[in-house]
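Below you'll find the structure, written out as structure tokens, and then a few comments.
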Amino acid sequence: MDSRSRGKRMSTVVTAAASSSTTSTTTAKEAPVPANNVEKKKPGRKSMAVTAPAAARKRSASPPKRKPSPARKASPARRASPARKASPARKASPGRKPKAATTVTKAPEPVKISPEEPRRSQRIRASEEKVDSVLQTLKKSPVDKRLSTILDDAEVSGIMAGRSSSLSKSMTPNVSRRSNAITPTTATDRSRVTVSRSMSVLQDYSDNEEEGGGDHFQSFRRTNDNGIGDKSHGQRALSRPPLHEQQVEFGGALGAAALLLALPLFAFATNHFCSGAHRDCRFVVPKSWTEFGTLSTYVNREIGALYALLVFGVALLTGLPIGKQVMLANDSYQKTTLLFNGLLVAFGAGLSAFVAEYCYKYPLLSVVSRGYNQLLVLSLLTALAVALVAFVKARNVTGMGMANPYAKSGNFLVDFFAGREINPTVLHVFNLKLITYHVSMVLALLFNGIILYRNLHFAALPDQLVGAPLQERLLYALQHLTCEPVPVAAAGLTLLYLLDLLVFEHHMAASFELQQEGFGAQMLLRYAILPFALTLLPKYVAAHKLTDVPLWAVGGCVAVALVGLFVKRAAMQLKYLYRLNPLGEKVACLETYPTFQGRRLLVAKWWRLVRQPNYVGDVLQNVALLPLLYWRFAWPPLLAVLFTVLVLVHRAKRLNLRNAQKYESSWVRYCNAVPHLLVPRVY
């Protein structure tokens, strides 16, 4: 039965005949009134009781008479109706003899109708109209047909008043299978509309494990490209204001100012007291402050020229159209294409260093080793200068996917530290974020390569092999190669960590680093400090050799680093493949968790254990060398390692907070399914 016909109410107009001293002849002349004198109440018409005589009513052209149904004739309630029995217009049933003409009909008293009846009918009518309007809204709105939504009277009233926000907050994702039919019901005191839909486990929506942004509520949308988004959806997303437009991170202006001072001081102090005359690597109060007052402690002309050539060469190599091309959708469902060629950049830098050292006999390794602290200061100053230029350049940047929603506070320190733009480019060719990232990686490779090279001892070639073929000379060198095991293991594991980042650099396309991190002082200072923080522990181990470290301890460090590498790469590979093609053979059957934003969160394999397994592997690789400090402890190397770990943990917490603000109740239920952030059953 239709909801409208079932919800309508019938109002009956009862007409009673007014009789005075009327004779039977007058009654005989009157035409009999049909027995089914029941009038349906029309919408918008008030019900009213009519007590005038039936003869006084104006006769109008009546519609064709409806044939009464047998069920209605046999209704006990209809037969027992007092008003019907007393009606003079009731037809005489067959077989009943009409009364004599002289019979005087006694007029019954009018039927009393409660004064609340018109008011109650009006309430019913208003409720029905609200239900009808909601149904029309649901039919016209492009909501997914597979979501469970329940609207009550309060929400209907909110919709009628223009408050559509209450509707969005009441929607919850439902993964159970239900009917696709819309079955509204109407009650007298309360109207409830239930729209039941279902959602299969293998929906085609992209993963959003590392995605933030400011999207308002969206219903589930089935797209042809499996949740990556189409052009119309991206345009709708651009028209919405960002959710976190006024939110800030890192403690606001006060926190940004403190970090702008603390980060450079921390990096300079930890490296200065482990270099040159401070070989003991201890924090001590200097007896003379003259070394801090001379310009040569911070700046060196030769180091400045080398650093400028390095940045220029890395920028040119990064801009070459050679490498792995990846196309993914950002938070605003706009497809962006990124080119990753970090391995090519590292190979070009290494080849240039080899040519300068062995072909042109330039002592590049010695110059870099002596100017280690000057390189650090130059990197920090360059990071602050580039952050200022990027801040001015991005003053007119708008649109989701380009502007950083956490750098719109209007405060200079906050926006300068966070970065207004996410992926700035120059001439639409040179990606500034990738260039600074490559400079950091190349510096770290150069430092650890020097440490590894200096701890490998090659035997001198005998006279009979001087003119021998190259294969024989290389074979002799490998057979007579000796090394310092602890420094070589420390530098080798660091090189493995860096090479892994460059070989699988394309996995960054689906990472928080490239998708959401603003190009500001925070990120640039971190890139400037990273090569020196990663190198400090191998540099300290190489300076003191640590010959008393047993081989089983070195093997344990290597095992921990390899486990971390495997965990990080397996987790990143899984997420990257799912983001690239959610319907691929390797990821099509992965378990995911739905959200209202049309995205899905991975809840499979490594992503079932913790919410950020890639950070777990990264942390394991960074702490793998810490046991070496047991045989010779020093604070600066320990603090350098803890700095990198703290950066990863803080980033994981930032990402968790952003996802909680974006996905709201969906993220709460996801956290119930995957309760731990980094350490299973602990944290």
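The backbone N, Cα and C atoms fix where each Cβ goes, and this holds for glycine too.
According to TrEMBL, the feature region 'Disordered' maps to 1-131, 164-242. The annotation compositional bias 'Basic residues' is assigned in TrEMBL to 56-70. The compositional bias 'Basic and acidic residues' annotation in TrEMBL covers 114-131, 222-233. Under the heading transmembrane segment, TrEMBL lists 250-269, 305-323, 338-360, 372-392, 434-453, 519-537, 549-567, 629-649.
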Cβ pairs under 8 Å between the transmembrane segment (305-323) and the transmembrane segment (434-453), at least three: yes
Beyond the flanks of the transmembrane segment (434-453) by at least 6 residues, Cβ under 8 Å: 310-311, 314-315, 317-318, 338, 340, 342, 345-346, 349-350, 353, 365, 368-369, 372, 375, 379, 383, 386, 487-488, 490-492, 494-495, 498-499, 501-502, 523-524, 527-528, 530-532, 534-535, 538-539, 542
Beyond the flanks of the transmembrane segment (549-567) by at least 6 residues, Cβ under 8 Å: 485-486, 489, 493, 496-497, 500, 606, 613-614, 616-625, 627-628, 630-631
